[in-house]
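Chemist: I have a structure I would like to understand better, so I am pasting it below and will then ask my questions one at a time.
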Amino acid sequence: MPSDVASRTGLPTPWTVRYSKSKKREYFFNPETKHSQWEEPEGTNKDQLHKHLRDHPVRVRCLHILIKHKDSRRPASHRSENITISKQDATDELKTLITRLDDDSKTNSFEALAKERSDCSSYKRGGDLGWFGRGEMQPSFEDAAFQLKVGEVSDIVESGSGVHVIKRVG
């Protein structure tokens, strides 16, 4: 009888999917034999595996807008060497930006607002963080990013860095 993981992923027991940071792609690992390989193991239900990878990505690509506040882990940015606004003020400012996105998405693109106001160095790239996998971002940010579908925008997400709004693009 297939294991729960096998029935979800389409992989034969005991195989799992992992992600190679150096090669930037998925690979397959057998924890019993410690064998890893790039190709799907024999006996894989490829349709089920592709559905699983689509529905449960190993990595995502997101844009974000970060507003730091005085209690952020590093209350400084390219915009200000000493950020003094409260967490509530940062949240209120982010709500205003989200409203601007909702009101007229054609003239206020996510990327344009990130360039205009984000406290993250990714502002230069329109808030683009590139592709990342689990364990690479702060847990609250990562959880929100992986729950989004491509094209969706998050509610406000709090992290040690400040308050964010996230858009999944890949």
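Glycine is no exception: its Cβ is also placed from the backbone N, Cα and C atoms.
What Swiss-Prot records for this protein is below:
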COMPBIAS  32-53  compositional bias 'Basic and acidic residues'
DOMAIN    9-43  domain 'WW'
DOMAIN    57-170  domain 'PpiC'
MOD_RES   S161  phosphoserine
REGION    30-53  region 'Disordered'
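I'd like to know what surrounds each of these features in this structure.
Modeler: Within the chain carrying the domain 'WW' (9-43), a Cβ under 8 angstroms from the stretch's Cβ atoms is held by residues 2-3, 49-53, 58-59, 131, 133-134, all 6 or more beyond its ends.
Model confidence over the domain 'PpiC' (57-170) stands at 92, taken as the mean pLDDT rounded to a whole number.
Of all the Cβ atoms in the protein chains shown, 23 others lie within 10 Å of the Cβ of S161 (phosphoserine).
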Chemist: List the helix, strand and coil residue totals of the region 'Disordered' (30-53) as derived from DSSP.
Modeler: 8 helix, 4 strand, 12 coil
